[in-house]
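*Asks:* Would you mind keeping the following structure in view while I ask a few things?
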Amino acid sequence: MGPLDGCELRDTQALLSTIPTMELQKRDYLVERPLLNQEQLEHLGHWGPTPRTHQWRTWFQCSHSRAHGYLLKYLPVLGWLPHYRVREWLLGDLLSGLSVAIMQLPQGLAYALLAGLPPVFGLYSSFYPVFVYFLFGTSRHISVGTFAIMSVMVGSVTESITQDEDFQQNTNSTVSARVQLASTLSVLVGLFQVALGLVHFGFVVNYLSEPLVRSYTTAASVQVFVSQLKYVFGLQLSSRSGPLSLIYTFLEVCWNLPKSVVGTVVTAVVAGVALVMVKILNDKLHRHLPLPIPGELLTLIAATGISYGVNLRNRFEVDTVGTIPTGLIAPMIPNPQLFGKLVGHAFAIAVVGFAIAISLGKIFALRHGYRVDSNQELVALGLSNFVGGFFQCFPVSCSMSRSLVQETTGGNTQVAGAVSSLFILLIILKLGELFRELPKAVLAAIIIVNLKGMLKQFTDICTLWKANRVDLLIWVVTFVATILLNLDLGLAVAIGFSLLLVVVRTQMPRYSVLGQVPDTDIYRDVAEYSEAKEIPGVKVFRSSATLYFANAELYSDTLKQRCGVDVDRLLAQKKKRLRKQERKLKQQQKHKQAASSNGTSVSISVDTSLGDIKGSGVEDSRVKVSPANELEDVVVSRQEDAKAPDVSTLKALGLPRPDFHSLILDLGALSFVDTVCIKSLKNIFRDFREIEVEVYIAACHSPVVTQLEAGCFFDASITKKHLFVSVHDAVTFALQHSRSGPNSPVLATKL
């Protein structure tokens, strides 16, 4: 920018600063257009039905670009790896992968115990699925592998099917049965996730609201905490599963506390205190440390060395991990006979694992400015579990704590995950046997300390109490259901309650009577805006939710209540008086016939009625009947009858008329209509016309108008001339055509 440009800019700013503030506030928004109803709008805008697209026609088209696009979509590594910035990203990914692997080693060993399996299978689950996700995943920062919630869900399945007492004795048959159960479960979970991803079912995560997920993970952390108490106190507990199993397990722990092993308790407490101190130190010095202090790994090494040197297993009866075989194992085909027993558990684990992974993935994607494909994430996570199941892995998801470490230590791409998996492979091949003297109490302490982040989510109760009580209700119901009914049934109850609450909230929307903001075409709730005034003779009614079978009756009842007129009572009185007039007319006709047969001339007062035939009638008319009447008298009498007022009106029947002549339904909130909605709207038109109030509809969207047409809403009495583009159009027309017939033509009017 040159000097001249700078001077011009300062002059412009000085000029703007001299404009009075009030002048800026008085700028008018002027629009001049004809008053439009739906019929005129369709003609003016050349409305036509949306052309149908046959998507299936493109499914079978083949081309080089189409094949290349599908390859990059389902194998994302081919898209980003050729463009990898080695100088900028490689060092950060190496440090990040090493940091995650250091965390993944103790967590893999510990979470295998949660799953009811020997610790080495936690190492397998930290290698195969992680490398598969490197090839197929779209998130650059989440750390796939063992996770506490997934592990405890697997453990609830394995312990409920096999006997826990045999497993505590390390019976080979029971261990192999549990491994086969867990691997078969992993294959099923993978199949579910891949299938859901291929049919684009990634939107299912939208039904898992944030309060639901946070409450569910909090309840799961409580489940994990209770499940580790037996390792902290060195207790032998019976296996429990199903509803109330958590309560019974906790009571059993309390009952058996006198039998605790002192050496195990001391080991767990010392390890827990050491881990907490290291975490506090990391929080204090995180700005000055290039990498966080690996507290879990240091505790793991120190505990293993002390256990080996002091001989904790024999001298103090401290239970240790035992033999950890080195090397990889051959793949094994899962047992199809177990599919029937595991299919329900597999679907619940698949949904929970995906919900956690995609939630974290979207958080990091928004933070770093890239996109995560939810459907491809389902496929990637499903392939990780499916392939891992053949190598005796249990179902995995992503860890919150490891994902945060992967991000904060400089991880840029999925290469960090590949580096961590290769480091775990090195441990499996060479270093695994060094941890055979590791006390299980140390692994339990690692798990419990890592639950701190999820247990802090109890503060959501105070936050939601102030922010949204409905979300708080979802949180509480999810937590209680998960604690009492276990993880699988708790999730089903939570989702069902959340969806039911959505239905209930649409059944109880906010209904408003609208008034016009002075000198504008804006209409707002008169209860909220004190300056919004109702238009004399016109009622404008609006609902905040769509109108369908669940709330149609409530909509009609509230409409009649807010209008200030007891419509049903007025209609009942009108029908009663019309029936009374009909009976009176019949009696008068009988007298007339009797007088005609006697040849006498009588004077009869006739009150005609339009109870069944609408159109003409006579009020207080006198007709002379005699045997010698002429044809001309009959013609004159009929002409006088045609000019007589309608005695079926409220005024003629002696009933009070409503203080408004037009009712306008603002249906801008409608997103769809069903048959019940259409019938309800027709009934509203019928009832209010019976009490001499004309009904109009405003602000209907085109898809809703199309559905109204398909549902035969429009007929001779209700046409598109009763639908208006906006509330103001409807109000303007109603004021110009008050007390007119329903089929009056709509005239174009300037606003």
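In case you wondered, yes, glycine gets a Cβ from its N, Cα and C as well.
Because the structure is a prediction, the values reported are computed rather than measured.
Sharing the feature lines straight out of TrEMBL:
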- 581-593: compositional bias 'Basic residues' (COMPBIAS)
- 528-734: domain 'STAS' (DOMAIN)
- 581-603: region 'Disordered' (REGION)
- 109-136: transmembrane segment (TRANSMEM)
- 181-205: transmembrane segment (TRANSMEM)
- 261-281: transmembrane segment (TRANSMEM)
- 293-310: transmembrane segment (TRANSMEM)
- 342-366: transmembrane segment (TRANSMEM)
- 378-397: transmembrane segment (TRANSMEM)
- 409-429: transmembrane segment (TRANSMEM)
- 473-504: transmembrane segment (TRANSMEM)
*Asks:* Sequence gap of 6 or more, Cβ distance under 8 Å, 3 or more pairs: do the transmembrane segment (409-429) and the transmembrane segment (261-281) meet that?
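*Replies:* The answer is no, given that the two segments have fewer than 3 Cβ pairs within the 8 Å cut-off.
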*Asks:* Between the stretches 261-281, 293-310, 342-366, 378-397, which one has more Cβ pairs under 8 Å with the transmembrane segment (181-205) than any other?
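*Replies:* So the stretch in question is 378-397.
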*Asks:* Are there residues at least six beyond either end of the transmembrane segment (109-136) with Cβ under 8 Å to its Cβ atoms? List them, or say none.
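*Replies:* 74-77, 143-148, 151-152, 154-155, 158-159, 162, 164, 167, 175, 178-179, 182, 224, 227-228, 231, 300, 321-322, 324-325, 329, 376, 379-381, 383-385, 387-388, 391-394, 396, 414-415, 417-418, 420-421, 424-425, 427-428, 432, 435, 438, 440, 443-444, 446-447.
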*Asks:* Counting by DSSP secondary structure, give me helix, strand and coil numbers for the compositional bias 'Basic residues' (581-593).
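*Replies:* Within the compositional bias 'Basic residues' (581-593) the tally stands at 13 helix, 0 strand, 0 coil.
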